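Undergrad: What Swiss-Prot shows for this protein is this:
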- CYS28-CYS161: disulfide bond (DISULFID)
- CYS47-CYS63: disulfide bond (DISULFID)
- CYS133-CYS235: disulfide bond (DISULFID)
- CYS140-CYS206: disulfide bond (DISULFID)
- CYS172-CYS186: disulfide bond (DISULFID)
- CYS196-CYS222: disulfide bond (DISULFID)
- 22-246: domain 'Peptidase S1' (DOMAIN)
- ASN24: N-linked glycosylation site (CARBOHYD)
- ASN163: N-linked glycosylation site (CARBOHYD)
- 1-17: signal peptide (SIGNAL)
Amino acid sequence: MGLSIFLLLCVLGLSQAATPKIFNGTECGRNSQPWQVGLFEGTSLRCGGVLIDHRWVLTAAHCSGSRYWVRLGEHSLSQLDWTEQIRHSGFSVTHPGYLGASTSHEHDLRLLRLRLPVRVTSSVQPLPLPNDCATAGTECHVSGWGITNHPRNPFPDLLQCLNLSIVSHATCHGVYPGRITSNMVCAGGVPGQDACQGDSGGPLVCGGVLQGLVSWGSVGPCGQDGIPGVYTYICKYVDWIRMIMRNN
């Protein structure tokens, strides 16, 4: 009953915080991203996330709220899809190497353990972790409810998707000299297409596996020509992720 009441409150009133969203994407196919998570504080969307196990969600470390309402199986944020599941995050584990966005964006990932496991359905499913690292030129996509390029309605109601490709480490280092490490991967750089404010922690999916989490990018407008977004390179953290889940 408590979750049902909370869901009704969510669909009756929704606000979105100015934290990284999909810029110039298109509506995702319904149920095409069953691992997509929205992290809410009350009715305010704070970050994206990705379901990687029936009880674990992965998001960005800079999404620093202590407790979240975790919404899964969502497509529209303002209308009932009848596929939603709501969970409350229990405890979380931030990567011990993360020093904060003001110091370095490295190790920008955080695991959230759900108080109750999800029910796996066609609309709610975990996304596999990678066995290998995606290389330059790999075609991927990113999803979220972040800022769009529509001036009258910058915060989308419907889940947005965007296709983009992995950029070489050398190219990305040239754009962000001295700031890119081997634990980061860059994608995009096509004019007008990017993750943007509000998509933080959301998944970069390549070949049906999780390769990145939306982390950071240019301080200027989203979707600048030749300016890729920067993602936490999940292939570098698989052992740590599995250790945390196994021990908790």
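Note: Cβ is positioned from N, Cα and C throughout, glycine not excepted.
For each feature listed, report its degree of burial, its nearest neighbours and the pertinent distances within the displayed model.
TA: CYS28 (disulfide bond) falls within neither a helix nor a strand when secondary structure is assigned with DSSP, and so counts as coil.
Cβ neighbours within 10 Å of CYS63 (disulfide bond), excluding its own Cβ and spanning all shown chains: 24. In the three-state DSSP reading, CYS63 (disulfide bond) counts as coil.
DSSP classifies CYS235 (disulfide bond) as helix under the three-state reduction. Using a 10 Å Cβ-Cβ cutoff, CYS235 (disulfide bond) registers 18 neighbours.
Shown in sequence order, PRO130, ALA134, THR138, GLU139, CYS140, ILE166, GLY212 are the residues of the chain, 6+ apart in sequence, with a C-beta less than 8 angstroms from the C-beta of CYS206 (disulfide bond).
According to DSSP, CYS172 (disulfide bond) sits within a helical segment. Non-local contacts of CYS172 (disulfide bond) by the CB criterion (under 8 A, 6+ apart in sequence, same chain) comprise ILE180, MET184, CYS186, PRO228, VAL230.
There are 28 other Cβ atoms within 10 Å of the Cβ belonging to CYS196 (disulfide bond).
Counting every protein chain shown, the number of other Cβ atoms lying within 10 Å of the Cβ of ASN163 (N-linked glycosylation site) is 13.
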Undergrad: Looking at the disulfide-bonded residues listed here (CYS28, CYS47, CYS63, CYS133), whose Cα lies nearest to that of CYS196 (disulfide bond)?
TA: CYS47
Undergrad: Going by Cα-Cα distance, which of the recorded positions (CYS47, CYS63, ASN163, CYS222) sits nearest to CYS28 (disulfide bond)?
TA: ASN163
Undergrad: Looking only at CYS47, CYS161, which of these disulfide-bonded residues has the biggest number of Cβ atoms within 10 Å around its Cβ?
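TA: The residue with the densest Cβ neighbourhood is CYS47.
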Undergrad: Over all shown protein chains, what is the count of other CB atoms within 10 A of the CB belonging to CYS133 (disulfide bond)?
TA: 16
Undergrad: What is the Cβ neighbour count of CYS28 (disulfide bond) at a 10 Å cut-off, with all protein chains included?
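TA: A count of 19.
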